[in-house]
Amino acid sequence: MRTANPKSIALWSVVALVGAAGWTVLALSRDEEVSAAWMVAAALGSYAIAYRFYSKFIAYKVLKVDKRRATPAERLDNGIDYHPTDRRVLLGHHFAAIAGAGPLVGPVLAAQMGYLPGTIWIIAGVIFAGAVQDMVVLFFSTRRDGRSLGQMARDEIGPFGGAAALFAAFAIMIILLGVLALVIVNALAESPWGTFSIAMTIPIALFMGFYLRILRPGRVSEVSLIGVSLLLFALIAGRWVAESSWAEAFTLAPSTLVIWLVAYGFIASILPVWMLLAPRDYLSTFMKIGTIVLLALGVIITLPTLKMDPVTDFASRGDGPVFAGSLFPFVFITIACGALSGFHALISSGTTPKMIQKETQVRMIGYGSMLMESAVAIMALVAASIIDPGLYFAMNAPAGVVGDTVQEASKAVAGFGYTISPEDLAQAAKNVEESSLLSRTGGAPTLAIGVSEIFSKVTGGSLKAFWYHFAIMFEALFILTALDAGTRVGRFMLQDMLGNVYKPFKNISWKPGLVITSAVVTGLWGYFLWVGVHEPLGGINQLFPIFGIANQLLAAVALAVCTTLLVKSGRLKWAWITGIPLAWDATVTLTASWQKVFSSDPRVGFFKQRSIYQDAIDDGKVLPPAKSMDDMHTVVTNSTVDGILSAALALLIVIVIADAIRICVRHVRDPLSSKLSEAPFVESKTVAPAGLFATKEEKTELAAASTAPAAPGDSS
Amino acid sequence: MTAALRRAARWMRWYVRELTDESAYERYVAHVRKDHPAATVPSRRAFERMRTDRQESDPRQGFRCC
């Protein structure tokens, strides 16, 4: 038995105390303003302990990671997609791939229930579910030459479960793109500054693409530096444009923006990758990492005070304006990325396993990156909770509820139980040089207000408008990239499916097939976007729950695959590691879809909503917030589509889980009947540390293996 | 002091080049020279084209999440 040394016992006791102090203050404070420092302390303390103990236990006791076993990167090294990558580089890669708009938007919306439920779910969720899922998927995919989640579902569960997983991934992609595009529309509508700077990203990216293709191939750092400088210039120029006579050309109504975005998504996805997508991706990655680092520093330097209540009345009443439904289950599906996100399973299987140097590094890459993303979600929650709650609700309630003037909005906010004067509302918009902040739903504008508040404190109380548009630009930038990349992935899946019916579709460079499938995918997410903008009942508050359900459904698929694999690989007694998160995730998702389908509260249940509006149409009446008979028909169509979609997604979860249980039971009854498609053991010839810093023994090993490629840092 | 700064700068340069995959070409050349000594090494231009074409043919490579 190994004994711990007193120094490390003392260190971890202090870490535990810091975390516990954070939780205590958050949990006990009522009717007084709490510093965000406590939230940061609770989060970082919990992460450190979870990483040190729980992730280590999973890696070494459950998965039994083996540093002597060669990874696919070592065995199949082709110098391109399979190649052993330094762990610190791969950590950056993996983090940049999993973190996007998701962890920034969800927590902002969930703040309507107060900051406490969100904080608890983000921290507990990541420790016991999200990070575990990412790490276990990464481990199993690494043992299978980097096979994708869909392939693993097919190989290990069966063709039925595999098909359900594939269909789920496609549905999620479509809904995700619709929701992300809607976030952009809400942030850019009637904002010439924002629209101009975002529009400028297109010529900037085209220039960068040309530079990398023709002028100086592969010089990514220099072109990114040029690109980011141009981007910041476009941001500053946005203000001049907004104050000039050009302003009108860039002041677009939401419905016009929808057309632009759909056209952009379609054209971008059929252009060659080098022209727009690749350079855009460099830009957004640079901006993403830079802004996240700045935000973390900003929160830590300013340590702002949380103004939102710990738990609002909406948590129990379920009639919140941002999204309807009560705390359980809706907080747990609204905050997906940052706590538990099924989408990550697509990254953890596929790209990352082909680059990992050592099996022992799955802990740092899988678990560690997810903890980092969770920290991003906590910062988003801080940013949403430090702004005046009155302003928060005026910005996030649907237009039909808030009204068109600051006076009406002030009254509507009073109706929610919060106060903000019309003058303060007008001043808040003026501070960031926007014509109005009323009903800027979608999370991005609220986050931008919070970010501008934090950053302007660092820059001495000035530059509020600049930082607001900086934050908008940063989010819009990578959402636009996601629209392009996501349309391509959706198209790829569709080509694959259609290829079974009509052969030429399988050939992905067949131009007509490419154009048709691109148009179908853009059309599908375009439909949700159009509906989101024209829906009198709101848009984000209707669509975001479906997105959350879909994302958590994919997590259920990933966790079901992990649990099945744990059972089949003889780790039955450890199956609870992913089994309990799966049970929780399934309960949450199925309860949410059940309520979305069957609830008798028209704000929650889609079919109840449908029947109320249908009855009114039959009586020839127009129900507010609908303004015309056309609106009424829009509501009926949308609630039907949304309701059917929620039911279909729930059905898919049940199918996948039932199929996984069948395989597990069969294996327990007759272990010989199941076969495991693991790549055979090959002895590794390289040495690499497992964690961020090499331990003493690892340094000795590294020194002994002089053939190992020397990366700066490890030798010192 | 200056030695430490220089080392930090070198490390940053290495990290950024690795993270952006700017070093992909050198890595590929090293790989070809080592494992397939008889094969010809493509020019950087040709290599970068091949890399984007690969991404074109399977967009799931290098996909990013929400």
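The backbone N, Cα and C atoms fix where each Cβ goes, glycine too.
Just so you know, TrEMBL annotations never went through curation; they're auto-generated.
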Among the residue ranges A:4-27, A:508-531, I'd like the one that TrEMBL describes as transmembrane segment. A:508-531
Counting Cβ pairs under 8 Å to the transmembrane segment (A:289-306), which of A:160-185, A:326-347, A:367-387 comes out on top? A:367-387
Contact set of the transmembrane segment (A:644-665) with the rest of its chain, CB cutoff 8 A exclusive, min separation 6+ beyond the ends, reads 153, 156-158, 160-161, 164-165, 167-168, 171, 175, 546, 549-550, 553, 556-557, 560-561, 563-564, 567-568, 575, 582, 586, 589-590, 593-594, 596-597, 606, 674
